[in-house]
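Database features, via Swiss-Prot:
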{"type": "BINDING", "residues": "Met77, Cys78, His79, Met114, Glu115", "note": "substrate binding site"}
{"type": "ACT_SITE", "residues": "Asp129", "note": "active site"}
Amino acid sequence: MEKDDLTHFNDEKRAKMVDVTSKSETKRRAIASATIHMNEETLARIHAGKIAKGDVLAVAQVAGIMAAKKTSELIPMCHPIMTTKADISFEDDGKTALTITSEVVTVGKTGVEMEALTAVTIAALTIYDMCKAMDKGMRIEKTYLVEKTGGKSGTFKAEA
């Protein structure tokens, strides 16, 4: 795509929301991932339920789902969409890294990549917020789109 072909600019080179009126509704799915690194003790306390603010993973899961539904309120040119599925899962390395994965699905005229990315980002920020009293050095890294399906551009899978 050429610079002049960017779709979020009008004829005056000012920002606009893309017109999706004539696009067909199709099933669209996106998976995103983010990893938060922390001290071993922090991860152990999360799993043991010994964080003062509560069940970290349950709260982060709900925060991620809420974020997916609110993405258009945070990202200026994102269309409001009807999210038909939003799920957050967690996997850790048993030491210091906790990976957050989101899956977001819709049947609509525009994709859900931003919703999936927003979901993992907010889930990671929620974990940071709930654990920062004991570990201010946590790092949120490697936030990326893992896969997307549906729509005119078809399927995308990130390189491993």
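From the backbone N, Cα and C atoms, a Cβ is placed for every residue, glycine too.
Known features from Swiss-Prot, placed on the structure.
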residue: Met77; record: substrate binding site; Cβ neighbours (10 Å): 13
residue: Cys78; record: substrate binding site; Cβ neighbours (10 Å): 19
residue: His79; record: substrate binding site; Cβ neighbours (10 Å): 15
residue: Met114; record: substrate binding site; Cβ neighbours (10 Å): 22
residue: Glu115; record: substrate binding site; Cβ neighbours (10 Å): 26
residue: Asp129; record: active site; Cβ neighbours (10 Å): 14
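Recorded residues Met114 (substrate binding site) and the residue listed as 'active site' have their alpha carbons 22 Å apart, per Cα-Cα distance. A gap of 26 Å separates the Cα atoms of Cys78 (substrate binding site) and Asp129 (active site). Taking CA atoms as the reference points, Glu115 (substrate binding site) and Asp129 (active site) are 21 Å apart. On a Cα basis, Asp129 (active site) lies 27 Å away from Met77 (substrate binding site). Per the record's binding annotation for substrate, residues Met77, Cys78, His79, Met114, Glu115 show a top Cα-Cα distance of 12 Å. Taking the mean position of the Cβ atoms of Met77, Cys78, His79, Met114, Glu115 as the substrate site, the remaining same-chain residues with a Cβ inside 8 Å of that point are Thr71, Ser72, Ile75, Ile81, Thr110.
Look at Asp129 (active site): DSSP puts it in a helix.
Distance noted between the C-alpha atoms of Asp129 (active site) and His79 (substrate binding site) is 28 Å.
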